[in-house]
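J.: Starting off with a structure, shown below.
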Amino acid sequence: MSDSEGGVEVSSPRLLIVTGMSGAGKTQAVQSLEDLGYFCVDNLPPALIPKFAELVSQSNGKVEKVALVVDIRGGAFFHQAIEVLHDLGEQGYRFEVLFLEASDETLVRRYKESRRRHPLDNHGEVLKVIQEERELLREIRGRATKVIDTSNVSNNQLKEQIITQYGGDKENSNRLLITVISFGYKYGIPMDSDLVLDVRFLPNPYYIPELRCLTGNDEPVQQHVMSQDVTKEFMEKLIDFVQFLVPHYQREGKATLMIAIGCTGGMHRSVTLTNKLGEVLSEKGYRVNVRHRDIMRV
């Protein structure tokens, strides 16, 4: 939908309706969509979808991709879904419907293994309510633009399918985002780190008077740290190590990797190496975000 209201351009975001069988993988699908930058809302009553779409369309492009989960947990409200989708189309909104399903046998097994109760099950008859749900969803399945059967699909394989179908820029969407962060050990290790590297073994510029009040963002400090043979050797090994790890992390479906590099105060050595590692990884085509946590503490 692209319209002009009061001289203001209103553009439609990419709107994805996620629905399907309970236990078929909607939660995993939504997590993958969130990694792709989608604004996700779970269990939204169908009657609210048009109003939500209108609000998002008036966000001036701040929200470009939206995924709304609509399923039988909505109870009586769910029966409005088909009518609402029809109205969305009539109003000019662009939307897609992703339907996730699995075989009865697979769904029964998943519920047995998870020990969770099916939303429609009040009497312990899992197979019966699965079949009832399949019938309730028959019409909306017919409106689906994409159906994924997850019977023999792992979580990582499902994520790959979601990325392929909805990632837009597939090359960028499927690449790990590497955050390299410097820190000072005196202030603690970043709690969300995946890899922690202690570079306090390197010569400390703090003890050189003319470098003490500078940081690893300043060229004199960078030249001093990077001129050391031990630093050069360490960086070579570190870059090889990271390049070895990244494909394995991606294969496991990891979306982000945080590498924390620490020195005593988080001002000189760690900042220099964080900048250098970020620069080299960017040149090699990785998606990189560089941060300095403690550089302003002094």
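Heads up, the Cβ atoms here are built off N, Cα and C, so glycines get one too.
Per Swiss-Prot, the feature ATP binding site maps to G20, M21, S22, G23, A24, G25, K26, T27; the stated evidence is sequence analysis. Annotation comment: Swiss-Prot describes D71, I72, R73, G74 as GTP binding site.
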J.: Go through S22, T27, the listed binding-site residues, and name the one with the sparsest Cβ surroundings, counting other Cβ atoms within 10 Å.
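T.: Across S22, T27, these binding-site residues, the one with fewest Cβ atoms within 10 Å is T27.
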J.: Using a 10 Å cut-off, grab the number of neighbouring Cβ atoms around the Cβ of G23 (ATP binding site), all chains included.
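T.: There are 24 such Cβ atoms around G23 (ATP binding site).
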J.: Over all shown protein chains, what is the count of other CB atoms within 10 A of the CB belonging to M21 (ATP binding site)?
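T.: That number is 25.
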J.: Reduced to three states, what secondary structure does DSSP give G20 (ATP binding site)?
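T.: Note: G20 (ATP binding site) is in a strand by DSSP.
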J.: So, in DSSP terms, is T27 (ATP binding site) helix, strand, or coil?
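T.: Assignment for T27 (ATP binding site) reads helix.
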J.: Determine the Cβ neighbour count for G20 (ATP binding site): the number of other Cβ atoms within 10 Å of its Cβ.
T.: 29
J.: With the ATP site defined by G20, M21, S22, G23, A24, G25, K26, T27, which remaining residues of that chain have Cβ atoms positioned within 8 Å of the Cβ centroid?
T.: D71, L100, E101, A102, T150
J.: So for A24 (ATP binding site), how many other CB atoms are inside 10 Å of its CB?
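T.: Counting Cβ neighbours of A24 (ATP binding site) within 10 Å gives 25.
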